[in-house]
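Feature list (source: TrEMBL):
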ACT_SITE  B:Glu424  active site, proton acceptor
BINDING   B:Thr142, B:Gly181  FAD binding site
DOMAIN    B:20-136  domain 'Acyl-coenzyme A oxidase N-terminal'
DOMAIN    B:278-437  domain 'Acyl-CoA oxidase C-alpha1'
Protein chains: 2
Amino acid sequence: MATGDVNPELLRERAAATFNIRELTHLLDGGNEKTERRKELEKLFHEDPEFKTDVPQCYLTYSEAYADALQKCLKIYQKAMVLSDPREILTVADSILHDSTPVHVHFVMFVPALMGHANEEQQAKWLSDALTMKIVGSYAQTELGHGTFIRGLETRATYDPEREEFVLHTPNLSSIKWWPGSLGKTANHAIVLAQLYTKGKCYGIHPFMVQIRSMEDHTPLPGITVGEIGPKMGMRAADNGFLKLDNVRIPRENMLMKNAQVTKEGDYVKPASDKLNYGTMVFVRVLLLDMFAFNIARACTIAVRYSAVRRQSEITPGQGECQILDYQAQQYKLLPLVGLCHALRGMFANLMELYKQANQDLEMGNLQALPELHAISSGLKAFCSEMAAKGIETCRLACGGHGFLLISGLPRLYATTVAACTYEGENTVMYLQAARHVHRAHKKVRGLVASGLTQEVAWNQSQVDLIIASRATIQYYLGLNYFSWVEQASISEPLREVLLRLCHLYMLHGIYEQPGLFLVAGLREEHLEAMSAVITELLGKLRPDAVSLVDAFDHHDMVLCSALGSYDGRVYERMYQSALQAPLNKTQVHESYHRFLGPLMKSSL
Amino acid sequence: MATGDVNPELLRERAAATFNIRELTHLLDGGNEKTERRKELEKLFHEDPEFKTDVPQCYLTYSEAYADALQKCLKIYQKAMVLSDPREILTVADSILHDSTPVHVHFVMFVPALMGHANEEQQAKWLSDALTMKIVGSYAQTELGHGTFIRGLETRATYDPEREEFVLHTPNLSSIKWWPGSLGKTANHAIVLAQLYTKGKCYGIHPFMVQIRSMEDHTPLPGITVGEIGPKMGMRAADNGFLKLDNVRIPRENMLMKNAQVTKEGDYVKPASDKLNYGTMVFVRVLLLDMFAFNIARACTIAVRYSAVRRQSEITPGQGECQILDYQAQQYKLLPLVGLCHALRGMFANLMELYKQANQDLEMGNLQALPELHAISSGLKAFCSEMAAKGIETCRLACGGHGFLLISGLPRLYATTVAACTYEGENTVMYLQAARHVHRAHKKVRGLVASGLTQEVAWNQSQVDLIIASRATIQYYLGLNYFSWVEQASISEPLREVLLRLCHLYMLHGIYEQPGLFLVAGLREEHLEAMSAVITELLGKLRPDAVSLVDAFDHHDMVLCSALGSYDGRVYERMYQSALQAPLNKTQVHESYHRFLGPLMKSSL
């Protein structure tokens, strides 16, 4: 983009940077080569005209949006066969489609589940078809009546030894599979999680491969009722569906038998270990951290650039209107969130290492690290999804009314992120899983037990404090990791200085917003006064670097997909051009005028 | 509805109430007669088949949603001509249309502005046409580049004494009118706020009546470019628009001249007082409190009923799954929000009195009360919109994944409410307006001034603390008012006991969530421990009344418009029935299958 086209406010901001933006980009990407690779992918995908949309995606109807996403994601996955890292494909797809895709679950859950739960024979049968998308699959676990509590699922798979088949059945309304992505209109197969019954006994939840739609014409097979669950706050193209099974029969060999098995005679063979299942859950949660970092970074980029372009009101009367980024209240909203992006990046890098280590241990037969990693990742998933969602909403509100427009890109980022507060383990449940080692809350539990309550009831009556304690612990853990990430980075001094400032601001902000958590550590009113002065100073020092800090995330305009946040800062031009394309502006006079308003006006003449 | 149809969980909950639900309904409505009147209106409107929609409104396209809302709101306003209180019409329209309406601004701002700013002659000319909707108007103030800072508006009205006309002009991109409701496709007139220039001098912002569309065929008049600004997070039918004026000429008499005037010769005549404008702003903010109370009450109703119906996980293993309302964490999320509804009801009643009093004073020529009322209403608008929006989002998240579906009704309530955080005065600006009397933050300002900064720069560098202080003050003010509202109500003892419990819980929750605000008052760790015990006790005591407390809001199912929250509690039936009607389920196989997925599958065979 020619420099001449860039908003002069942004040019001035960029010239004021005290550090090398490129250096920070490399650090955030995880190295020079990763940045190069990202740029390559951007050339390959973002600059391919096939992936452009004529009008903003948010203007499409549900049906148009589904078709658009289906077409594009199939092209992406075809083109992406050359890629090795599934995270790359996800990132590319997300940054082109923005509202999830109809084959997301196919690649993120169906294929990995096949790898994790199907034995060699089964993988030979299904895997290559799945990878070439002859088979498109969903992962059908959650039911209308059951989410986080997996043991409560009601769908049944009853073994019939005479015909050597399983009978899959959803016995009532609340057992209908509900939410699985890719299921609504796209998948022709599903891995269905069901209570396994054989010889009159229930062995708990196991995975079964069920073909749900015809390979000829895509119509549902007999006994199967399937469809989409309807519009949501976001993720329009995720194709979330429902599935009702009416005594559907599948061959015995369709139970995924890498771990547990059922013999021809109907005998149940136990898996070697329960803990194996932790692996996938942990991996998904680690990937979520990456997504939170990506989304909050995009929201910060949009809000900070907009705040540099937008002028409103005066600090000193008669001195002219200020960039809203000059207001302390605005800096206090946005700069700690840029810090949160860094904290999440650092945490993600660290967890990925821990995960790889745990996996190596696992292959050596050592399962000890997984449960702890599972607890950490539970707490982090809850805390980071909560902070990222709140942070994105703060960015959106910091853009004033314009952030309410879909073309700002912020409502979609919020919806996508806040969805993670309730999926992959509802956050309250996650906090409680992580709440195992904290002083006061546990004291309360013990006190209640001493007063005669059972351990379980006492635990329930202490949930509020356990969650607060859990949150405080994770905040501390995240901050500590952030600090050592900055300390240990191989970077120049000017950059380290900026990053340390941001890190300090992030931590002080965390305490200043929730001082209650630190009362137990002796925090007093006078400490807050002192902190207020330091925060004021840090905000002032970081102000000149604000735009450069978000530039360093180096998001392609297509990745941001925001009229407010583009690199060139031409906010009002983009908003106006987008408005001209709005669905209701297809005609000058809306057809309903002739039906309703016109006749009324004339009758009252 | 026959009792037999109601979910047995809810029957059991209702039977457990410790107070008379009807008595609380009367209190919340403001008396027996008001309840009767509400019921009458529900019969008149909600049970009229003309206002039913075949499919959930959230399934409609933008164009369908606009047409549906236009048709229905015109019918409502025709039918409502019999009503006297404009709040009644608003409530009825809101509870039928849910996503605002294309004539909302016409009735809420255009007509009141005519009454407030047009002189008698002008009212005679336009008012009756406006009331019968021959004239449909918008109120065009906000611009692409200017919102809260009204003095910065750039649209000009330049007086031409030769032709005795004003020339209305938007000189650049950022001066295009942006956001006005009713403007996008519906209005044929607009009251345009513009900088008045006469004899080469600027006299600031004044209102002008501009016809924008033909009365014959609704096409835009020469010099006018007008349209809709595009899809938003919510309020789909608000018909927000943009307006570009290219030297549009209007007669001198189209300046609204009740207050300031321009003579034929172009001489400017000053208004009697500036403070007159406060009146409308205060009134709108008082009405907003009512809307917040209404929305948070609806969200609580949905979430509490759903939490009584939903069973998930076990407190004591083997004892069966619990209603999620039995979890302390869930009670702690929801019950204080029911308290917030009561706090807002009490505050609204009180402010309405203050407003009436101030208006009477005004008519006596006494303007003193208005500025203070203006400051209070600014702070309350910011605090209550923030609390209500957060509270609704808490309710939504408390419903787990199902709250993410539009048919839960919760995303829409959130969007409608959070919009008020940035409109009618952006919240940060509102907090700062209210921040005038608080100890520590002012000490900081004085300290910074003493160190050599100007008052204005010192104020900017203290914004963070001023906002925190402002928030704490308003929280205290709201709580105090809540308490006296309960104390002074003429109610039975059993009801008062429940309401006091709820009020205590609300206040303790406020402190427990933000203890930092109370450090200055000497709060210490041991106080929090004691509070934790009291909160636990209150939650336990209020639990049996939870469903009855929300039943007492007495929301008609059509007003709730939620598959999760209906009176009968048949959550899963309603969700499933709604899904069957989802836009993507109109066909069994989506047309895009034949274009994209089918060919790909076959090519990979």
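Using the three backbone atoms N, Cα and C, a Cβ is placed for every residue, glycine included.
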Conformational class of B:Glu424 (active site, proton acceptor) under the three-state DSSP mapping
coil
Given recorded positions B:Thr142, B:Gly181, B:Glu424, which are under 8 Å from chain A when comparing Cβ atoms?
B:Thr142
Could you tell me the mean pLDDT over the domain 'Acyl-coenzyme A oxidase N-terminal' (B:20-136), as a whole number?
89
Residues with Cβ closer than 8 Å to the Cβ of B:Thr142 (FAD binding site), same chain and 6+ apart in sequence?
B:Lys177, B:Trp178, B:Trp179, B:Pro180
Whole-number Å distance separating the Cα atoms of the residue listed as 'active site, proton acceptor' and B:Gly181 (FAD binding site) is 13
By Cβ count within 10 Å, point out the most packed of the recorded positions listed: B:Gly181, B:Glu424.
B:Gly181
How do the residues of the domain 'Acyl-coenzyme A oxidase N-terminal' (B:20-136) split into helix, strand and coil according to DSSP?
89 helix, 0 strand, 28 coil
